[in-house]
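Asks: Residues or ranges marked as transmembrane segment in Swiss-Prot: 4-24, 36-56, 72-92, 101-121. Under the heading Na(+) binding site, Swiss-Prot lists 76, 79, citing sequence analysis as support.
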């Protein structure tokens with residue numbers, strides 16, 4: 001039960017943060033591209049890399065608590081691959097194939113690259 005509360009609390013924080021990034025991106029960049037979703041997927045990948053490295057460095061029993069709250073809860077609520085999938089499908093339905101390909105390829109590749117960058121940064125910081 002305690003883990004469920006950690007996931008719920010973390011998920012609430014992550015979801016609110018995701019919403020605020022989306023609102024901010026829409027205000028700054030406009031509706032022409034899903035900038036908010038793109039941003040949270042890349043930033044979320046980087047933060048997950050940092051978290052994974054930090055937890056591996058800690059290596060104690062409290063690491064599971066942090067993993068559940070931050071990794072599953074906060075970052076699970078923050079990153080939005082379900083929204084990403086919907087937005088890509090909508091682009092395809094509109095026959096915007098080039099935009100759909102560019103958006104999906106850039107999101108996946110940059111999120112993975114950002115995760116590796118997060119691992120490298122955190123290894124240097126926590127080593």
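Using the three backbone atoms N, Cα and C, a Cβ is placed for every residue, glycine included.
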Asks: Ranking 4-24, 36-56, 101-121 by the number of C-beta pairs under 8 Å to the transmembrane segment (72-92), which range is first?
Replies: 4-24
Asks: Quiz question: given the binding-site residues 76, 79, which has the greatest number of C-beta atoms lying within 10 angstroms of its own C-beta?
Replies: 79
